[in-house]
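Below is one structure; the comments refer to it alone.
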Amino acid sequence: MSWRPQYRSSKFRNVYGKVASREHCFDGIPITKNVHDNHFCAVNARFLAIVTESAGGGSFLVIPLEQTGRIEPNYPKVCGHQGNVLDIKWNPFIENIIASCSEDTSVRIWEIPEGGLKRNMTEAVLELYGHSRRVGLVEWHPTTNNILFSAGYDYKVLIWNLDIGEPVKMIDCHTDVILCMSFNTDGSLLATTCKDKKLRVVEPRSGRVLQEASCKNHRVNRVVFLGSMKRLLTTGVSRWNTRQIALWDQEDLSMPLIEEEIDGLSGLLFPFYDADTHMLYLAGKGDGNIRYYEIGSEKPYLSYLMEFRSPAPQKGLGVMPKHGLDVTACEVFRFYKLVTLKGLIEPISMIVPRRSETYQEDIYPMTPGTEPALTPDEWLSGVNRDPILMSLKEGYKKTSKIVFKAPVREKRSVVVNGIDLLENVPPRTENELLRMFFRQQDEIRRLKDELSQKDIRIRQLQLELKNLRNSPKNN
């Protein structure tokens, strides 16, 4: 019997990345130079939001998707924060509501008017204060409306009920800065990575840690739930400082199922998972490549497909929700790539090559839609429910009828689990102390300069007064 090579059958073997033409990109955008490890970009079917560089406070742009091309320098911004904006996320159920978090310790909810901004927006519909340090991450609950998670540098995750504008739960199991948060399909589990080199699976309503992995050989940075497969995938660094991915069983984090080294570059690896196609995308911060794999339930679990290459390095990537894709072009994923050096946002479509122009049901199964499955009270009472699915074949462009109503409340102390969050402050890290020291040094130098200028002015006035007294007219 002759030897024959073994080929793996897959409908996604030939997926390729297609960059949008220049006139369909967003140009002239002052993308933030902040080194925080986030995407600084969020996109939905109507708007693109990008965190921008600003002289004082923090700001971000919100641009309607159809308004491509060059953006004017004086384009209106959302600029209400007093510190740098570190993360932004669109509400999955209300397309004109966006959450932002900042170094000013606040989380804010903004309502974008129809057609985009006409002038600078400085007033948020809701300001949330509960963290005692800067807030680095925000995440919306995947199935429940008006439930928002925020993670701060005070090592706490707060769960906000936006119906009342208050934190209702606190997850206080981390001993260092939280790097990443990811939900499973129905939002009943939360996976986190932390600077203490631990991977945790947490029951969010009780704050109980169900599984914990101490990653000594694989220092985790990012984590993502792999849909309903009961698997976790993490990206991180091996003991030899090479970039690495690891696959875990969510019910047993004692050892990873597989570990695979990617390359020897130093940039952070961002993982993106598409539960509909079971495809995993790996994009490195600072390089222009996007690798993609297919995830299986049996060994070898991870099958390499192809790689999209670009010479322009990416600072971050926004991802279009499924209902915003172009199904007529067999588009299964779309990135919005931030190219800082050019001030450019570049859409990249991942396309399955098909000759037929009809709707391809095998690559577009029923997918989570724009309707929430639960109310905040139902979820907080312990109910779990899978997301409400929708078909991309017909009527998927319809907008949600849900309207956000901001609660009216007074500012007061924030008490969760019997602890006043604004009083219970953890010790400052070395970097924060150094930052405070240099700021104080700069302030001292500024005050000294002001004093020296005032001394010079006083001497000038004294000399003028002396000259006036000694003038012949006064004699």
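Including glycine, each Cβ sits where the backbone N, Cα and C put it.
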>> Between the candidate ranges 52-79, 416-443, 444-471, where does TrEMBL place the coiled coil annotation?
In response: 444-471
>> So if I exclude everything within five residues of the ends of the repeat 'WD' (171-212), which remaining residues of that chain have a CB under 8 angstroms from its CBs? That is, six or more out.
In response: 37, 136-137, 139, 141-144, 149, 151, 153, 155-159, 219-225, 227-228, 232, 234, 236, 248, 250-253, 275, 373, 379-380, 382, 384-387, 417, 429
> Which numbers of helix, strand and coil residues does DSSP report for the domain 'DUF1899' (5-69)?
Replying inline: 3 helix, 24 strand, 38 coil
> Same-chain Cβ contacts of the repeat 'WD' (78-120) under 8 Å, 6 or more residues past its ends?
Replying inline: 32, 34, 36, 38, 40-47, 49, 51, 54, 57-64, 67, 126-140, 142, 145, 148, 150, 152, 160, 162, 321, 370-372, 399-400, 402-404, 406
> In the repeat 'WD' (128-170), how many residues does DSSP assign to helix, to strand and to coil?
Replying inline: 0 helix, 25 strand, 18 coil
